[in-house]
Amino acid sequence: MKTAIFTVVLALAVFAVLSFGWEANEKALSEESTELIHEKEAASETEARECRYFWGECHDHMPCCDWLVCRYKWPITYNICVWNRTFPEK
C-alpha cells in the first residue's frame, strides 16, 4: 500500500515538473512570436505608404491620391477620399 501511494506521489511530481517545463517553453515561444509581430509592424510603418484610393478612409497620416480629396460625407462617420473633379496627368 505504501509503495502504491509513493508511486502515485512520485508520478504526480514528475508530471508537475514536466508540465512546468512545457508551460515555460510555451510562454517563451509566445513572447518570441509577439516580438516578431512587433518587428514586422515597425518595419511596415517605416516604409512609404501608398495613397488612399476612391472611397478609401483618409486622415492626415493617410493621404488620398493626387486626383482625390479627403472629405467628410454624411451618413458615413469618417472621412473618405472623393474625386476632386480633375484628371491625373499622363
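From the backbone N, Cα and C atoms, a Cβ is placed for every residue, glycine too.
Among Cys51, Cys81, the one Swiss-Prot lists as the disulfide partner of Cys65 is Cys51. Same-chain residues lying 6+ beyond the ends of the signal peptide (1-19) with a Cβ under 8 Å from its Cβ atoms: none. The DSSP secondary structure for Cys70 (disulfide bond) is strand. Counting every protein chain shown, the Cβ of Cys65 (disulfide bond) has 16 other Cβ atoms within 10 Å. Counting other Cβ atoms within 10 Å of each Cβ, the disulfide-bonded residues Cys58, Cys70, Cys81 show the lowest value at Cys70.
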